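The feature transmembrane segment is assigned by TrEMBL to 22-40, 100-120, 155-177, 189-209, 254-272, 278-299, 306-327, 372-394, 406-428.
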Amino acid sequence: MPAIFHYISQHARGERLPPAEMAASLVLVLLIAVTVRAVLFRSSLAEIIAERVEVVSPLNGWKRVVEGLALLDLGVSPYSGDVFHETPLMIYLFHFVIDYSEIVFMIADAITAVALYLAVQDYNKIVYRKQKYTLEAGRYPLDVAELLRTPKEMMYIPIKVAVFYLLNPFTVLSCVAKSTCGLNNAVTALFILCTIKGSALLSAIFLALATYQSLYPFTLFAPALLYQLQRLYIPISVHSPRFWIFTSQYGSMYLGSLVVITCLSFFLLSSWDFVTSVYGFILSVPDLTPNIGLFWYFFAEMFEHFRPFFICVFQINVVFYTIPLSVKLKEHPIFLMFMQIAVISIFKSYPTVGDISLYMAFLPLWHHLYRFLRNIFLVSIVLIACSVLFPVLWHLWIYAGSANSNFYYAITLAFNVGQILLVSDYFYAYLRREHHLIHGLYLKKKDGTEETLILK
């Protein structure tokens, strides 16, 4: 055990940046991100980006928001046609700030980055404190010193997370296209921050707001609840009264907030039309405009009498993984939250690159898993190649006429397979590291030979 303490102390040496310098680094990144976005907003590329089906969808396209605002100004319900599918709070927000929409989207990205920065900063402190207590209790095997995390290596993670979000090309494209996905990401990031800070009420409110905006985030209830229980040292057991009391309290705050927000939307419009136009649209997938998701091509080729069954099969994918992942990762709720956000972005009915940028921002947080990743190079090449080929195959299909929808959907499938491989690889790496922290890094059989680890 002294060897482990020596390793930690050796790697913890080095000057630690004061909070003022870390804040200055964040401000510098924010200024660079805002400058890049401002330049693109003023360029001829803005109109091209706003038309890309990878960046906007029938749910969050800016042109549809403008159409909804025009109908609202004429005294007509924006949900009377089949164009506008955003929530009432979103349209009333832009009703007042339509002239400053570019600034609103840049502020939303800044809020997301700052919220993730603060959340990761607090989470790293919690992780290091937990590791320190476990180390002092002598629960780590002697050969896992190189797997332990040090303050020096954790110091730059929050700023890396902010950089990964703000300067990710997917995030930049989403902002320049004025996709409302950026606002959804901001709400989700604030939910993550409030959860890690331990504010159950604010966590429930922002989760309700995220659910209200895009429905699928309701699956984040499980990791948020598990984290709150863990933070309050409440045992996760069906036989524990404290478990049921807190679960009912957090569930009541979440459902109560959702009911209040929904009723507020009704009072703004004096109609429930938005329910079918927003949530019915998400669930039934009537608009088969091509995107980077798995739905559009499949249902374009589907016989109508099979459609309800396969709609249920496709939609249940987002929910299906919640229970097994929650059981397997109940001791690691923040990693579970990362997994759930990734699952939502892959299997939702109208995904865009803005959804992907949110879970990719967490990748620096798991940099200590790199040694256990098996396919990271291959997956990176697949994702980059597919991102480049999206506009190429779209041009060949729509404009050149030398390809068809099969080509575009093939690259969509490859892109989603790449995402699935990425997420599953991180899942494997996380479980393997936790296994080594318990049983040792170099596993030996009884005869002294090296043992092969197989995770099932």
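Quick reminder: no glycine exception, Cβ is built from N, Cα and C everywhere.
These numbers come from a predicted model, not from an experiment.
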Please give the sequence-distant neighbours of the transmembrane segment (100-120): residues at least 6 beyond its ends with Cβ less than 8 Å from one of its Cβ atoms.
26, 29-30, 33-34, 37-38, 41, 62, 93-94, 157-159, 161-162, 165-166, 171, 175, 178, 182-183, 185-186, 189-190, 192-193, 195-197, 358, 361-362, 365
Please indicate, using numbers and ranges, the residues of the same chain that are 6 or more beyond the transmembrane segment (22-40) and have a C-beta under 8 Å from a C-beta there.
46, 49, 102, 105-106, 109-110, 113-114, 117, 158-159, 162-163, 166-167, 172, 175-176
Residues of the same chain, at least six outside the transmembrane segment (372-394), with any C-beta under 8 angstroms of its C-beta?
52-54, 169, 290, 292, 353, 403, 407-408, 411, 414-415, 417-419, 421-422, 425-426, 428-429, 432-433
Can you work out which residues elsewhere in the same chain, 6+ from the ends of the transmembrane segment (155-177), have a Cβ less than 8 Å from its Cβ atoms?
16-17, 22, 25-26, 29-30, 32-33, 36-37, 40-41, 45-46, 49-50, 52, 54-56, 61-62, 105-106, 108-110, 112-114, 116-118, 120-121, 124, 352-354, 356-358, 360-365, 367, 387
